[in-house]
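Annotated active site per TrEMBL: B:Glu164, in sequence order. The annotation Fe cation binding site is assigned in TrEMBL to B:Cys120, B:His163, B:His167.
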Amino acid sequence: MNELAITVIGRDRPGIVADVAEVLARLGANLTDSTMTRLRGHFAMTLICTGPAAAEVEAALASLAAEGQLLATVRAVTPDGDVPPAGEPYVMAVHGSDRMGIVAAMTRVLVDAGGNVTDLSTRLTGALYVVLAEVELPAGVAGTLIDRLHRTAAEMGVEVTLRPADPDLL
Amino acid sequence: MTGEERGPDVGLGDWTPESLDVPGEVRAVVSAPHPVLSRAADEVDPTAKETVQLAADLIATMKVSPGCVGLAAPQVGVGARVFAVDVTGHPKAVTVHGVFVLCNARVVEATRWKPGREGCMSVPDLTGDVKRASRLVVEGDLPGSGEPVRLVTDGFEARALQHEIDHCAGLLFLDRVAGAHAVYQRKVYL
């Protein structure tokens, strides 16, 4: 079974999801994990599919892209299976005045502590920039990591909090 | 757990906004990013003249702001541990203490944590999912008399109190959202 990584991005309009999903369904491509969201007027889809060959999907999406203002990429990937968590789940929240390099600086601190970002989103509204990251941290590093995050945040002129993610409640 | 087990709600006694005895002035509300919103505010003397004026101003500013159920001093640019709350008439409120202002408030007991969507006048374009205690005991001082109070509350009023106490500690709801997909562009402005 082929596993495909597909991205589609274009100016938001009603029907993008339906159009793309229809093309995939027609080709027998089964949608597995995906995120689809609007980013400042652009609609962005990142998805993993199983099914047909990459070239076939690429050709089908290209016809869709030709009609509208959509950019699609398709590439075959190797199925990895589920990756076990690398540590304890934390949420890092960063907010402050927008400037160049906030995400780069803050995530570098996480990486240097052995952390792995599993989900991240950013929002810019007016002058306020917000970064929310879910990160897996090796056991026992959070205490010293928070000091390093505070130092880097101070250099960037932003605020940071790091706290354990809520465990899933039954 | 009953109210008795958590300690009695001594209520606001005969305190009313009128007992401040000064007219409140509407102050400008500051938005994030602003340093005053990210700094732990200072303890205040609840009987001081400027604290009483600040309390009256917070109520006045809250009243003219549509949909506003709470306003903390840092939101009007003052690094003081003072906030106003009024959830009267809110559909999600259960226990309601009316309009009140607390100084130097702290959470004494917090139980029954529940997620809920929050916004903030100082973060006007975003909302977020935040877990808050739905049963809450708060202690603080009333502005003017300086009398200590212990409020036992729940639901929406408990959420509002925790949001305002966070402001006094230099925290925004953004610092407590559940995860990377728990912040949303606000769709409806009250």
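Cβ coordinates come from backbone N, Cα and C, glycine included.
A Cβ within 8 Å of the Cβ centre of B:Cys120, B:His163, B:His167, the residues given for Fe cation, is found for these other residues of the same chain: B:Gly70, B:Ala72, B:Gln75, B:Glu118, B:Ser122, B:Glu164, B:Asp166, B:Leu172, B:Phe173. B:His163 (Fe cation binding site) carries a helical DSSP state (H, G or I). According to DSSP, B:Cys120 (Fe cation binding site) sits within a strand segment. Sequence-distant contacts of B:Glu164 (active site), defined by Cβ-Cβ distance under 8 angstroms and a gap of at least six in the same chain, are B:Gly70, B:Leu71, B:Ala72, B:Phe83, B:Ala84, B:Val85, B:Ala105. The C-beta environment of B:Cys120 (Fe cation binding site), restricted to residues of the same chain at least 6 apart in sequence and closer than 8 Å, consists of B:His163, B:Leu172, B:Phe173.
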